[in-house]
C-alpha cells in the first residue's frame, strides 16, 4: 500500500475509534449525569475551553511537537474525559471537560495539517495535482470518520439495554416529559431509571479502551512527517503569523457580512445542543428510557451523513438559497411539532422521525454555511473560519449553559427566534452580495467545488 495512503487510513481509523467513544458519551451526558445538570454543564465548559484552545494552542503545539505527537497527546485529552465519567462529579467531570476542550482544537488542526502535507508530498512524487490528492485523502477520512456517530451510539444502546430493571412508566410520570417538562430530575421517577453501576462501568470501559486503541494506533503505526516536508507548514505557524491571525479574527468583525452571519453560525450550535442535550433527555430518556438514546442518535447520524453527501451533489443544481429554505422549513416544522407533541412510549416511531428530520436540516447548516463562509471571505479564510468556530462554539456554550434552568418549551421558542433572526440576517447577506455584483449569479459552482478539506481545517 502506498505509504501516504496508509497514514491517511491510520488517522481515519484512529479518529473513528476516538469519536466512537466521545460521540456516544456526549449524547448520554444530559441523561447519564443529570443530577444538578452536571452533564450539560460539563458540555458547556467543554465548548468554552474549545473556544480558548482554538485561539491559542494549535499553532504552538504543532510547531513544537509536530503533527503526529500533537494528535496523540490531544487524543489523550479525550480519554481523560471518559475516565472522568467513571466517578462523575463536579470535581472530576468539569476539569476533564476543560482538558478535552483544550485538546480538541490542536487535534483537528494537526489532522488537517498532516493530511494536507501528505497529499502534497504524494502529488509531487506522482506528478499529480495536489488539490485533487488532498481532496481524495479528506474524502477517505470522512468516509471512515462519519460512521463514528453510528458505532458509538450503537454500543451505548446495546449495553444499556441489558439492564434488568424495567420500570413501568405511569401516565402521571409522562406528564413530566416533553416541551412542558418538569425541571426536577425526572430520571429518578420515570422509566428512565439510571442503569446499574456495573452497566455504566462496562460502557465507560469499552469507550476508554476504544480511546486507548486510537492513541496506540497513532503512536505505533503513524509515520512522523519529515522536517523538510513540514517546513513550509511550520513557517506558517511562527509567532508573528499566529498573533496576526489571532488579531485578524477580531478585525474580521469589521466586515458587515461577517456580523450578519453571526446569528446563523450560532444557530448551528444552538440546534445541535438542543438535540443532544434536551431532546435526548426530556423526550427520549424521559418517556422511553436511556437505552433508546443511542438508537435515536444513530438515526440522526445516518440521515445527517447521507444528506450531507446528497446536498453536496444536488446543490450545484438547486443553489444554496433553496437548501437554506428547505432546512428552515424543516426545522421550524420540527420545533412547532415538539411544542405540541406529548411523547408516549406507544408512539415509538415518532421518536425517530424528529432526529431524522433534524439530521436533514443539520446537513444543510453544516455544509452550506461552511461553503458560504468560503465564498464570501475567500481572501480572508483563516480569520473567517476562526470566527465560524468561535460563534458556533458560543452557541453550544449558551445552549448547554441554560439547559437545566429553563423548560423545554422556552428553549424551543428561543431556538425558533434565533432561526428566524438567522434567516433575516442571511437574506441581508445575500442582498448585499447581489448588490455588490449586479447581474452576476451567486458563485454556486465555486461554492460546491470547494474542497471539503479547506472547510474543515479552518
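Keep in mind that glycine also has a Cβ here, set from the backbone N, Cα and C atoms.
Residues or ranges marked as transmembrane segment in TrEMBL: 39-57, 69-88, 94-117, 137-160, 199-222, 289-311, 323-341, 347-365, 386-404, 410-429. Residues annotated as region 'Disordered' in TrEMBL: 438-458. As annotated by TrEMBL, compositional bias 'Basic and acidic residues' applies to 444-458.
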Report, as numbers and ranges, every residue of the chain located at least six residues beyond the transmembrane segment (137-160) whose Cβ falls under 8 Å of a Cβ in that stretch; write 'none' if there are none.
-> 4-5, 8-9, 11-13, 15-16, 18-25, 27-28, 111, 115, 118-119, 195, 199, 202-203, 206-207, 290-298, 300-302, 304-305, 308, 451-453, 456
Can you tell me which of 69-88, 94-117, 323-341, 386-404 gets the most C-beta pairs within less than 8 Å of the transmembrane segment (39-57)?
-> 94-117
Grab the same-chain neighbours of the transmembrane segment (94-117) for me: Cβ-Cβ under 8 Å, and only residues 6 or more beyond its ends, written as numbers and ranges.
-> 7-8, 11, 15, 22, 41-43, 45-54, 57-59, 61-62, 67-68, 70-71, 73-78, 80-81, 83-85, 134, 137-138, 141, 225, 229-230, 233, 389, 453, 456-457
